[in-house]
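Peer 1: Found this in Swiss-Prot, in case it helps:
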type: ACT_SITE; residues: His93; note: active site, electrophile
type: ACT_SITE; residues: Glu165; note: active site, proton acceptor
type: BINDING; residues: Asn8, Trp9, Lys10, Gly171, Ser211; note: substrate binding site
Amino acid sequence: MKKLIIANWKMFKTLNDIKTFKEEFDKNIKNVKVNADYSVGVPSIYLNQAKEILKGIKVIAQDAHFKNEGAYTGNISWSQLKDCGIDGSIIGHSERRQMFNETDETVNLKTISLVENNMQAVVCVGETLEEYEANKSFDVVWNQTKKALANVSEAQLKNVVIAYEPVWAIGTGKVPTGKEVDDLIQKVRDELSKLYSKQAVESLVVLYGGSVNDKNAEEFFKQKNINGALVGSFCLKAENFVKLIELGGN
């Protein structure tokens, strides 16, 4: 399967920045033989405009409310995203879990609302430093994954991407080894095989995220269980985004 590179812009970039990004992207990508899929998680205020500016790049949201509509001030529903031509969203990022009281239950509700409507759910899971040091990484990640996928059918699993982001590695420069990540994802796949068919689990796209850059990406991409990367600050620069797309296609 092709590698998938997702740039998560978080709360960065203005409209002019997005235009500049596309100009730089076009300049760099023309020198690359592209053999990877790629998308950008854009701040919600710019989704509509970014879709037009970033032609050729899939644009996704960074969060989506699970209700179709309602009195939820400040939120954007999956149906509003779909109405704007956005067919996917990051869900359950650790920053949402830590700062905005996202729970396993709301992650599950959001995941279901997206996949039921044929939209892509990029579900983030990952352990804290304390959990990592206590050798609880697998238990935490499996528990989050299992809860996120509760009531997701095998047919709907094709619209799910799991992004494993150890919280202790996000923006810190600390990274686990490729083998550590590969072994953990293999264990998660083994458990998922008890709930879904082997073929469905093998087809599930699983990304690594957490201080990914052009120096360490190859180590992750060569692992059999890692199908790409969810990348934050490094991919704010178009040149870097293209570097990872190129590495993902090798």
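Here the Cβ of each residue, glycine as well, is placed from N, Cα and C on the backbone.
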Peer 1: According to DSSP, folded down to helix, strand and coil, what is Asn8 (substrate binding site)?
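Peer 2: For Asn8 (substrate binding site) - judged by DSSP and reduced to three states - the answer is strand.
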Peer 1: Which residue, out of the recorded positions Trp9, His93, Glu165, Gly171, shows the minimum number of other Cβ atoms inside 10 Å of its Cβ in this structure?
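Peer 2: Among the recorded positions Trp9, His93, Glu165, Gly171, the lowest count of other Cβ atoms within 10 Å belongs to Gly171.
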Peer 1: Cα-Cα, whole number of Å: Asn8 (substrate binding site) versus Glu165 (active site, proton acceptor)?
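Peer 2: It is 12 Å, counting Cα to Cα.
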Peer 1: If you skip the near sequence neighbours and keep only those at least six away, which residues in the chain come within under 8 angstroms of Ser211 (substrate binding site), Cβ to Cβ?
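Peer 2: Expected: Ala169, Ile170, Gly171, Thr172, Gly173, Lys174, Val175.
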Peer 1: How many whole Å apart are the CA atoms of the residue listed as 'active site, proton acceptor' and His93 (active site, electrophile)?
Peer 2: 8
Peer 1: Write down the Cα-Cα distance for Lys10 (substrate binding site) and His93 (active site, electrophile), rounded and given in Å.
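Peer 2: Each residue's Cα considered, His93 (active site, electrophile) and Lys10 (substrate binding site) end up 10 Å apart.
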Peer 1: Checking the spread of the substrate site as listed (Asn8, Trp9, Lys10, Gly171, Ser211): what is the longest Cα-Cα distance, in whole Å?
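Peer 2: Answer in Å: the longest Cα-Cα distance is 14.
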